[in-house]
Amino acid sequence: MTAVPFTVNVPDAELVQLYQKLDLTRWPDELEGAGWSYGAPLADVKRLATYWRESFDWRAQETKINDALPQFTTDVDVDGFGTLNIHFVHKRSSRPDAIPLLFQHGWPGSFLEVSKLLPLLTEPTKATDPAFHVVAPSLAGYAFSQAPSKPGFGIRQYAEVAHKIMLQLGYDQYVTQGGDWGASVTRVMGYLYAPEHCKGSHTNMMHVDKPTLTKQPFLWLVNAIIPYSKREKAALARMNTFFATGAAYSQIQGTRPQTLGYGLADSPVGLLAWIYEKLHEWTDAYPWTDDEILTWVSIYYHSRAGPAASLRIYYENQQPGGGSSGDVEKNKRYPSLPIGVSYFPREIINFPKRWAKTGGNVVYQSAHDKGGHFAAWEMPEALAWDLGKMFGRGGAAFGVVDGKDGYEKEVAKKA
């Protein structure tokens, strides 16, 4: 398959219809002093909707995206699902021996999340830092990727798509980075394609199990004897609060995605509120600008398949043993390839570092003082640093890709 250059260019008619829908918004009421307790505040959403209608310059954002991100589409044959046309970002480093890296986003993110990370990884300012060739696909059904038309397209299939794109681009061996659904996709890539192709994986949202006496007796003993640190207690408390009061969206998207999809597809304000809440709640006091928020939301509103398609990954992942990654995900088998983990305090899924070894061959861990769920957007320098430390010289995963260590070849001095 041949990759075809792609630029974002939403039809004028679609923008006209958007403005008409914004003009016709029917607003809900709100309780006095509700704040964020009941969800996205009415005043915030009204302000953003007004800005979207009257001042937000989507064409300027299109230009910014197209200028910063080399984008392409390519056809990918997916076993049992036919051919899908997939959108992706691909930026090669000027260093020929840069490390091929697959960056995978999740929900409610998109390929935009790689924007700030891209220059840091492809053209590091220090010769001592490794460089990467970066590929960032839009998940099938997200942004400008075609959506599958049949049920059962789950994590295994998303992993297959990402892997085949890397092979199409000539990256027979590669490493991965992902958070949110990207963490699940890249983990399954480790199950399916290591050690021949997938050589290492880094995540900022790792799912692990609490150590048990039967499976990890030493870790269980450590866990029982050594008290949790203040940081670990805070992380566990935040995660427990998230599951108790902030995870209902996942149950809705995982059980009735089609029903929710009508509202998100038809109402730009409904979509705005649904995503804006997560951008606010899942970050570490990140100073979102209105342009940033509306650009992220617009990627969903103007997506090729519509915003409803992005919800179905939740449904497929909840199906017993079938639609997602099947036995590898549901039975908690972890890949043997080198794994690195970055911890950010406001991440929604955040386990104590000592639990990490229950999640596979963890060779690198780093804890940061600031940051949340969207690490590549909130803390790009910290994430780039961790990737450099893991895969660079002296790192536990240095040299995992044959002949591609990320550095310039040393030129022999003339006699």
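Using N, Cα and C of the backbone, Cβ positions are placed for all residues, glycine too.
Here TrEMBL flags 5-114 as domain 'Epoxide hydrolase N-terminal'.
Residues annotated as active site, nucleophile in TrEMBL: D180. With a 10 A radius on its CB, D180 (active site, nucleophile) counts 24 other CB atoms from all the protein chains.
What TrEMBL records for Y314 is active site, proton donor. Within 10 Å of the C-beta of Y314 (active site, proton donor) there are 20 other C-beta atoms, taking all protein chains into account.
Feature annotation from TrEMBL assigns active site, proton acceptor to H373. Cβ neighbours within 10 Å of H373 (active site, proton acceptor), excluding its own Cβ and spanning all shown chains: 27.
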(request) Would you mind reading off the Cα separation of H373 (active site, proton acceptor) from D180 (active site, nucleophile), to the nearest angstrom? (result) 8
(request) Kindly report the helix/strand/coil residue split of the domain 'Epoxide hydrolase N-terminal' (5-114) according to DSSP, in that order. (result) 40 helix, 26 strand, 44 coil
